[in-house]
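If you look up TrEMBL, you'll see 12-32, 59-81, 101-122, 129-145, 151-172, 184-207, 219-242 marked as transmembrane segment. Taken from TrEMBL, the feature domain 'TLC' covers 49-254.
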Amino acid sequence: MMDVSFGPDEQILWPASVLAGVAMCATVYDLTRHVSSRCSKSYNGLTDMHKVEWNNRGFSTFHALAAAAVSFYLLVISDLFSEDVHSAIMMIGRKSWLSDAMFGGSLGYFLTDLAMILWYFPRLGGKEYLLHHGLSMYAISLALLSGKGHFYILMVLFTEATTPFVNLRWYLDLAGRKGSKLYLYNGLALFVGWLVARIILFVYFFAHMYFHFDQVKSVFPLGFYSILTVPPVLSQMNLLWFCKICKGMVKTLCKAKQSACVKTD
């Protein structure tokens, strides 16, 4: 049975962080629209639907940067999950107000993005986006309510670090700059970033689970089976998207090589 620790602090922090996530999306959406309309010639020539997606990717990028930064701080810089400092507390049960706040903010983001995807379906994303957002919201909610598994959820949130490269690729494509060096360099950065953050990191994720399986088994049944099922599904989706990224990178490199040969001739 899952024990929900909804104390006085959580009664304020959880709803506030979710609302802050929603407010962040609305604010960055409007900010992206105003700045782009004044500073980008490409934006003003877009269709209404493309403008909606352009603005949507604005708050998607902002959330990705915030989630990756906070996750990196809690996982690497802080001593929250250090074996030496908090040896008396099992790693699976460690949490902080910052991880709670990040999870709440991410829930606000996923709720807002999911609402837009459903409203404009399938123009902002297909069924794979519904699956990704649904699983992400489920896993984050479970960790937030139970206070368990924050280490693993933060690892998954760190994979959002690749989102800015995905969005920049879309922006450049829409602006007709697929032949630019920036598009090529961004594609290479996306390939490396995806390989590290969404493939290699998941290998470490599963290895860590294996070596700490005694702690994983101590989680309540729903949490235990969720840890065993949700990450493998997300990793399979990451592998499928990685294959598409590899194909796209090969095409881009081939075109760049052909254009270089033409200039030489």
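Even glycines carry a Cβ here, placed using N, Cα and C.
TrEMBL labels come from automatic prediction, so no person has curated them.
When each of the listed stretches 12-32, 59-81, 129-145, 219-242 is scored by C-beta pairs under 8 angstroms to the transmembrane segment (101-122), 12-32 comes out highest. Simply put, out of 12-32, 59-81, 129-145, 184-207, 59-81 has the most Cβ pairs sitting under 8 Å from the transmembrane segment (151-172). With a cut-off of 8 Å between Cβ atoms, the residues of this chain six or more beyond the transmembrane segment (129-145) that come close are 2, 4, 6, 14, 100, 103-104, 106-107, 110-111, 113-114, 117-118, 152-153, 156, 222-223, 226, 230, 233-234, 237. A mean pLDDT of 95 is what the model gives for the domain 'TLC' (49-254). Using a Cβ-Cβ cut-off under 8 Å and counting only residues 6 or more beyond its ends in the same chain, the transmembrane segment (219-242) has close neighbours at 1-3, 92, 128, 131-132, 135-136, 138-139, 142, 146, 148-149, 152, 156, 159, 194-195, 198-199, 202, 205-206, 209.
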